[in-house]
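Structure record follows, encoded as C-alpha cells.
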Amino acid sequence: MAFRLKLVPDHTTFDFFRHQVLTFGFSVFLVLASIGLVLTMGLNFGIDFKGGTTIRTESTQPLDVGAYRTALAPLNLGDVSITQVFDPNFDADQHVSMIRIEAQAGDEAITPEQMVSIEEALKAADGAVKIVSTESVGPKVSGELIWTAIWSVLAATAAILVYIWLRFEWQFSVGAVAALVHDITVTVGIFSLFQIKFDLTIIAALLTILGYSINDTVVVFDRLRENLVKYKTMPLRDVMNISVNETLSRTVMTSGTTLIALIALLVLGGDVIRGFVFAMTWGVVVGTYSSVFVAKNIVLFLGVDRDKDKKDPADKFFTEKVADADN
Amino acid sequence: MLQIPLWKRVLIIALCLAGLAMAAPNLFYPRVEAHNDALAAFEKSGALTADQAAARDAWPSWLPSGLVNLGLDLRGGAHLLAEVHVDEVYAARLKSLWPEARRVLAEERATLGAVRRVESPADELRIQIGEAAEIARAVELVRTLASPVVSLTGVGQNDLEVTGEGDIVTIRLSEAERTATDDRTMQQSLEIVRRRVDAAGTREPTIMRQGTDRILIQVPGIGSAAELKALIGTTAKLTFHQVIGRAGDANSPAGAGNIIVQGQDERDGFYILDEVAVVSGDELTDARPDTDQNGYPAVAFRFNPTGARAFGDFTANHIGEPFAIVLDNKVISAPVIQTHISGGSGIITGRFSVQEATDLAVLLRAGALPAGMTFLEERTIGPELGQDSIEAGRIAAIVGLIAVVAFMMLSYGLFGVFASVALLVNIALIFGIMSSIHATLTLPGIAGIVLTIGMAVDANVLVFERIREELRKVKGPARAIELGYEKAMSAIVDANVTTFITALILFVLGAGPVRGFAVTLIIGIATSVFTAIFVTRLLVAVWYDRRRPKQLEL
C-alpha cells in the first residue's frame, strides 16, 4: 500500500459524550463570555456602522504618528485616531497608516473642504505622503447598514432552520441553529476581545461561517439519519458516537483544506482583507468544533422520535436507496 | 454506475472546455481589455487611431473576449451614494402655482376681495383673500387648477389638495402627486448624472437608483470621490428673474414672494428678485461658448418655443428695467432690457474665463439637476492599492491552491490527483462563468475564490471517505466506488443547499464588495458540485475502465 497521509485513523471509537459536561460546558462558557465581552467592551465598529471617515496614507518616509496628529489637531475634526499598518507584503520603504475621523455634523461625514485641508495638513507634516484611499459614510447610512446586517444574519439563520427542519426533523434544526448561534457569538466575542475593526465585510464573513458550519453539521446529521435507520435499537447516544466517528476523517480533511487556503490568504492576502479572512479562519475552527460538540448534544438532549413508521418523502428517497444498496 | 453514457461524457468535457475557453482571456487581461476598448471606441466613433487599431489586432477577434469586471476596490476609482432632496421639487412646484392661483382668484376679485400670498412652510402655499365668507368659492376656484395624477398607484387622485380655513386657502401636493414627482425627479437626476459622468469619458460607470431617493454612482479609474462630486454636484441651475430692487445684506426684508440673491462676488452686493422665475434653464435647447461684443467670453443660448414666448412677453413688458440671470443662486449678471427680445436667443455675459464659459455651456446643455443632493457615503480607492490587492490575492490563491493540491495528493494518492484536476477545472469554470455574465470581481470576491479552493474539495472528500468505508465492507472496487458516490450524495446536496442559502441572502442584502463575494461564492458552489460529481467521477470512470484494478488504493 502506497503512502497515505492520514490525520485520522481508519477506524475510531472516540466517545464524544464522555466529557460532555466539559466540552458542552466550555461552549456555554465561551458563549456567555462573548456576550459579556460585547456588553462590557463593545465592538470596534468600523465606519460602515458608526459613520465617519477613514483615510489610508502611504509614505516612503518612516511614519511619525505624533506629527500627523499635531498636523490634524488644528482642523477641529473631533475624535481622530491614527494607527500604523504593518504587513509582510509591504516594501521596505512603504509606510502605511490608517487615519480615522469621527462623523462630522450633518448628513455628510466629511465636507470636501475638510478633505482638502486634511490632505494639505498631512502633506505639510510629511512631504512624501500620499492618500491612497478614503472612505466616508454618513450617519444616516451607517444606521441603516447596521439593520441590514442584523437582518441578513437573522434571515440566513431562519432560512437554515426551515431547511433543516424540512430535510430532517425539528430536533436537528434546533441543534443546528444552536451550533450557529454558538459560532456567531464566539466569533463576535473574539472581535470584541481583540477590538478588531468590525465592519460590513465581517458580516459577510459571519454569513460565510454560518454556511460553513451548517455544512459540517449537516454532514454529521446526514450520517446520523442514515445510522438511525441502520441501528434501530441502539441508544441514541451510541448511534451519534458512531456517526461522528465515521465522518470524523471527512470533517478533519475538509476543515484542513479550508484552513490551508484561508491561512495562505491570512498571511499573504494583504492587510485590507485581513479582518475578513481572520473572521472566516476563526469561524472554520469554531464551526468544526460546534458541529462535533454542540449540535448533536442539543439533539441528544431533545431526543429523536425513532418509531416513526411514516417518514417524510425527502427522507424516504435517500433511506430507501441506502437500504437497497445494503442488500 | 461507473458506466457513464457517451453523450454525458461529451457534455461534461464540452462544458469544461467551454469554461476554460471563457476563462482564458483573463490570463491576458491588459491585452484583451485594450482590444475591447478599441472595439467600443470603433462602435462609438467609427474610426480608430493607429494605437487603437494595433490594440484591436493584438487579440484575435474569433477568440472569446469576455473579461471579469474588476470591482472598484481592485481597479481603483470612486463610489458615491447620493441622496436627492426630492422635496425641493415640491416647493418649487408650489411656488410656480402662485401666478396661476392669483390669476383665477383675481378674476372674481369683486366677490373675493384682495388676494395675497402669505408666509407658509415650504411644503404648502397659502393665499389670503379679503372676504372670509367667500372661502368656499375661493377653494373651488383654486381646485380647478388641479389635474388627475397619471400613475399606477394614484388612480383617481388629484395632484393638489386644496383646503380653506378662515380667510386662508392652503394648497398642498397630494400623496400620489408626491410619489409621481419623486419618480420623475429621480429619473431626471439619474439621466443628468449619467450624462455628466459619460461626458468625462470613463470606463463602465455604474449609475443606479437605490431605494426611493438615492443614487449609487461608481466610476472606475477616476482620481477621487471629490472629483466625481465636482463633476456631478455642480448644479448649473440657470434662471431668469425680474429684479425688484437692491439690498444691503442677505437679511434685509424682501417681502412675500421675493428672494434675496447674492451677486457674483461680495462687492456686487445683493439683489431682491421676484421668486418666480420668468424662464429657467430647463427650457434651453442649446448653449455654447461665445464672445460678447467686447470680445469677452460669454455663453450663447437658445430657448425652446415656450421659453422663448415667456421671455419675449417679459422683455416686451419690462423695457428699461433690469432683469437678473441667476446661476446656482448667484446673480451672474443683471443687464437692463434694451428691446423686446423675441427670437428666444441671447448671450450670458459674466466675468468668465474661456474655460468657465465652455464648462458652463456643457453644464447648461446637460441640463440642471432638478434638486440638490447630499452625499451620504463616499469611497475612493487609489489604483495602486487595488493593484497591490490583486497581487496579494493572486499570490495567496496560488499558494493556497498548491498546498491544497499537495494535501489532497498525500491523503488520497491518485484519487487526490483526480480531485486536484477537478479543482483546477473548477477555478477555470468560476472565471469562465464570471467573464461570460460580466460579474464583478472584488477583493472579498478573491477571498471567496480562495475559500472555494478550500471548500470545493469537500464534495470529493465526502465521496472518497465514503468509498474508503465501503471498501472495507463490500467486495470489489467498482461496487465500492459506486456506493461511495451514491451514499455521499445526500450529504453533498444538503451541505451545499444550506451554503447556497446563506450565499443567496448575502447577495440579496449585501452591497458592493460584499455582493461580489456572494457572487463568487454562489458560482463556486455550483461549479464545485458540478466538478465533484461529474468531472472527478468521469476521471475515475475512465481510469477504472483502462486499468480494471483488482484492488483500490485509496
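Just so it is clear, glycine is given a Cβ too, placed from its N, Cα and C backbone atoms.
If you look up TrEMBL, you'll see B:186-243 marked as domain 'Protein translocase subunit SecDF P1'. The average pLDDT the prediction assigns to the domain 'Protein translocase subunit SecDF P1' (B:186-243) is 81.
The domain 'SecDF P1 head subdomain' annotation in TrEMBL covers B:265-371.
Annotated domain 'Protein export membrane protein SecD/SecF C-terminal' per TrEMBL: B:376-544, in sequence order.
Residues or ranges marked as signal peptide in TrEMBL: B:1-23. Sequence-distant contacts of the signal peptide (B:1-23) (same chain, six or more residues past either end, CB-CB distance under 8 Å): 63-64, 66, 425, 428-433, 435-436, 478, 481-482, 485-486, 527, 530, 534-535, 537-538, 540-541, 544-545.
Cβ atoms under 8 Å from those of the transmembrane segment (B:392-410) belong to residues 416-417, 419-420, 423, 427, 443, 446-447, 449-450, 453-454, 457, 460 of the same chain, restricted to positions at least 6 beyond its ends. What TrEMBL lists as transmembrane segment is B:392-410 (among others).
The transmembrane segment annotation in TrEMBL covers B:417-439 (among others).
Among the features that TrEMBL reports, transmembrane segment is placed at B:445-467 (among others).
Per TrEMBL, transmembrane segment is recorded for B:488-511 (among others).
Residues 2-4, 8-9, 12-13, 15-16, 19, 414-415, 418-419, 421-423, 425-426, 429-430, 433-434, 439-442, 444-449, 451-452, 455-460, 463, 477-478, 481, 485, 492, 496, 499-500, 503-504, 506-507, 510 of the same chain sit 6 or more residues outside the transmembrane segment (B:517-544) yet have a Cβ under 8 Å from a Cβ within it. The feature transmembrane segment is assigned by TrEMBL to B:517-544 (among others).
Long-range contacts of the transmembrane segment (B:417-439) within the same chain, counting only residues at least 6 positions beyond its ends with a Cβ under 8 Å from a Cβ of the stretch, are 15-16, 18-23, 25-26, 64, 66-69, 401, 404-405, 408-409, 449, 452-453, 456-457, 460-461, 464, 516, 519-520, 523-524, 527-528, 530-532, 535-536, 539-540, 543.
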